[in-house]
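Visitor: Dropping the structure in here first, questions after.
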């Protein structure tokens, strides 16, 4: 369950668009008003507000937000205002076009391919084509070098069966294939790529359990022992996103605020993209893993309107 | 443009469902009535008739058709009555589960991946998951051996950019890559698979033209000179479906009626799946290639209700 709070008495998209327009008018912007409205609407409702705003004022809401807000607050509100498929197409494109291509960038693509529904993944591919005039596969091929390229292309091309169905024989057999590949340090073997990119999530969870049961270590431990290249890091994120997206995003949030300075783009991405999916479970995982409340941690590392907006999405501000 | 003729004064789905029900009642079935209704409705209209029939008579229209019609006529009407994504999921599954896996079977999958829109391909993958409890990629892996498996998985996973956009440098460069792979008889090289499964259709057409221009032969000719294995046949169909789906389906229809006996399943597939897309162009190609009208050829090789139904879809029966 998400942490997004939508009011019982929902204003019409027309009323919301009007109020947003008022928040933009006059001296300075009423940021609290923007948070109050957009921070309490789900994806479908935000989409209707965007459409209505454009009809009423002949200007895109996104463009208007860009001229009214600033900094991390602006970035977070913009991501939240995009349709989720457009948001993820944008995040994936930014990751691919970034100068550095470490795991911090590439994990964004793994998340979209492994921690969301197959339907969302396809919608993102469609949005990517519309927004960037080429397929995401083409951009992966032109921006990412081997061996990461191979697994990323396969992952974004997947359309996993989305119900729970497990074949234990297949799980044991494929645990063996994965184990052999890891032992031979052939992490980009066709069979590994095929298993991770075509099997359904419940089947893969069973395979990882068989792996642990049959070979002593978890598959994550064994992959880590292969070294510390980008491929190992990618596969680790694949496994985390499949085994437990909640745990994965709890970790992303933790890493974004740990130490000196904050990685706002990761923090924003995790909260914005999961607030209306499973943020409740992510908060529980966070508490479990770090013995601290996520709200306390996030509010300790952020400030101002940016903080208010994230807290609203986390459900701790009314 | 298609050859399907929909009446200007369209009856409601309710009226159509009632008339179909009447056609099934009493002694014998009124096959002409079935053709008269279903053979003049587009995919969306057929879907509504199916839904309405089920609501009115508490029985699936498909089940009812199965108990009323028979033979090739039944098979054609059933395929036509399915939603196009379900139809193609069914055709792909039948091809994969067939005992023989020559090009006649596997080309069905290539057609779906290369001669329809990316949107249709994704809808088929979704329907495949719902109907067969696994992804089509999983079935390809378990049913098709290498090297055909690799190219088929990549093709069905594609989501090509669907507008016209061509980069001539890319086309020349990729023509070179294809040429080198063909010279070395490495038709399943990662780069070949990547180019054919990620590039948009207009880009690929340009690449094939550059190939012809820069190396003298068409890419089809050079692939054929590599030998006569299943991989060469698959790549030939890929290129035909991308260069000219019309020509490809004209050939499929020709081959299905040529010589002794008729390959009804190929004939039905080609006509049913293209009647409301581009059958006019396919008929023109047929006339061009074989100096004969397709209607004459098809009607010469078929008979009875089956013939009437195909002729209706070809637009030559009112």
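The first residue you see is number 1, and the count goes up from there.
Using the three backbone atoms N, Cα and C, a Cβ is placed for every residue, glycine included.
Here's the feature list from TrEMBL:
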- A:24, A:26, A:28, A:68, A:261, A:301, A:302: Ca(2+) 1 binding site (BINDING)
- A:257: Ca(2+) 2 binding site (BINDING)
Visitor: Between the Cα atoms of residue A:68 (Ca(2+) 1 binding site) and residue A:257 (Ca(2+) 2 binding site), what distance do you get, rounded to the nearest Å?
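Guide: If we compare the Cα positions of residue A:68 (Ca(2+) 1 binding site) and residue A:257 (Ca(2+) 2 binding site), the gap is 27 Å.
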Visitor: Given residue A:26 (Ca(2+) 1 binding site) and the residue listed as 'Ca(2+) 2 binding site', what distance in Å do their CA atoms have, once rounded to a whole number?
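Guide: Given the Cα positions, residue A:26 (Ca(2+) 1 binding site) is 36 Å from the residue listed as 'Ca(2+) 2 binding site'.
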Visitor: Roughly how many Å separate the Cα of residue A:302 (Ca(2+) 1 binding site) from that of residue A:257 (Ca(2+) 2 binding site), to the nearest whole number?
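Guide: Between the Cα atoms of residue A:302 (Ca(2+) 1 binding site) and residue A:257 (Ca(2+) 2 binding site), the distance comes to 9 Å.
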Visitor: Take the C-alpha atoms of the residue listed as 'Ca(2+) 2 binding site' and residue A:301 (Ca(2+) 1 binding site) and report the distance between them in angstrom, rounded.
Guide: 6
Visitor: According to DSSP, which kind of secondary structure is the residue listed as 'Ca(2+) 2 binding site' found in, if we only use helix, strand and coil?
Guide: helix
Visitor: Taking the Cβ of residue A:301 (Ca(2+) 1 binding site) as the reference point, list residues of the same chain whose Cβ is under 8 angstroms away and which are at least six residues distant in sequence.
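Guide: Those within reach of residue A:301 (Ca(2+) 1 binding site), by Cβ under 8 Å and sequence separation of 6 or more, are A:257, A:262, A:267.
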Visitor: According to DSSP, which kind of secondary structure is residue A:24 (Ca(2+) 1 binding site) found in, if we only use helix, strand and coil?
Guide: helix
Visitor: I'd like the Cβ neighbour count for residue A:26 (Ca(2+) 1 binding site), meaning other Cβ atoms within 10 Å of its Cβ, all protein chains included.
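Guide: A 10 Å sphere around the Cβ of residue A:26 (Ca(2+) 1 binding site) contains 8 other Cβ atoms.
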Visitor: Using all protein chains shown, find which of the binding-site residues A:24, A:302 scores highest when you count other CB atoms within 10 A of its CB.
Guide: A:302
Visitor: Mind giving me a neighbour count for residue A:261 (Ca(2+) 1 binding site)? Other Cβ atoms within 10 Å of its Cβ, every protein chain shown.
Guide: 9
Visitor: Using a 10 Å radius around its CB, how many other CB atoms surround residue A:257 (Ca(2+) 2 binding site)?
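Guide: Its Cβ shell of radius 10 Å holds 18 other Cβ atoms.
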